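Structure, as structure tokens:
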Amino acid sequence: MDILLEITGMIVILGCFVFIASNYQDLPDSLPRHYGLDGVPDAYSAKGIIWVLPIVGLILYMVIGLVSNVPSMINIPFKPNPEKVEFYQKKYCRMIRVLNVVMVCIFAFLTYQSIQIGIGAKSQLPQYFSLVAITLLLGIPLIFVIPDLIKARKQN
């Protein structure tokens, strides 16, 4: 499962760079660089701005990927039994990998949507985008952590 998550994230990042490169010549001189909460672009920049999200995504993916491969760096939000520490470290490393893939997928989606808006195929981000992104980024850690917190509280 972990290797599949790593490969998925790398494919998404690579796909993002390939998609931009294959469409770059056809992009208008100005592309959205910021969106309001309603998904409507409220600031524009030169088309080179389209490279920022994939580059930032790649850097974050690599740094977060390094952290997720060092279980001892994982802070467990409760005090587990000593024999369970390794189990929880591995579990939360997986959570970080899942979040990492979700993050690069969000960046790829924003990149794709920015290109679509730039070429006039769309006028704004989908209305559900902010809600879905926030739900995923907050929900995934809650799904991983809350059951463990409840279990740890019952044991103490």
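Placed from the backbone N, Cα and C atoms, the Cβ positions cover glycine too.
Quantities reported herein were computed from a predicted structural model and do not represent experimental measurements.
If you look up TrEMBL, you'll see 11-57 marked as domain 'DUF1648'. In terms of DSSP helix, strand and coil, the domain 'DUF1648' (11-57) has 27 helix, 12 strand, 8 coil.
What TrEMBL records for 7-24 (among others) is transmembrane segment. Within the same chain, residues 47, 50-51, 53-54, 57-58, 61, 65, 97, 100-101, 104-105, 107-108, 111-112, 115 sit at least 6 positions outside the transmembrane segment (7-24) and bring their C-beta atoms closer than 8 Å to a C-beta of that stretch.
Residues 6, 9-10, 13, 16-17, 20, 24, 27, 31, 33, 86, 88-90, 92-94, 96-97, 99-100, 103-104, 107-108, 110-111, 114-115, 118 of the same chain lie 6+ residues outside the transmembrane segment (49-74) yet bring a C-beta within less than 8 angstroms of a C-beta in it. As annotated by TrEMBL, transmembrane segment applies to 49-74 (among others).
Beyond the transmembrane segment (95-115), the same-chain residues lying 6 or more positions past its ends with a Cβ under 8 Å from any Cβ of the stretch are 2, 5-6, 8-9, 12-13, 15-16, 19-20, 23, 27, 31-32, 50, 53-54, 56-57, 60-61, 64-65, 67-68, 74, 122, 125-126, 129, 133, 136-137, 140-141, 144-145. Per TrEMBL, the feature transmembrane segment maps to 95-115 (among others).
Look at TrEMBL and you will find 127-150 (among others) tagged as transmembrane segment.
The average pLDDT computed for the domain 'DUF1648' (11-57) is 94.
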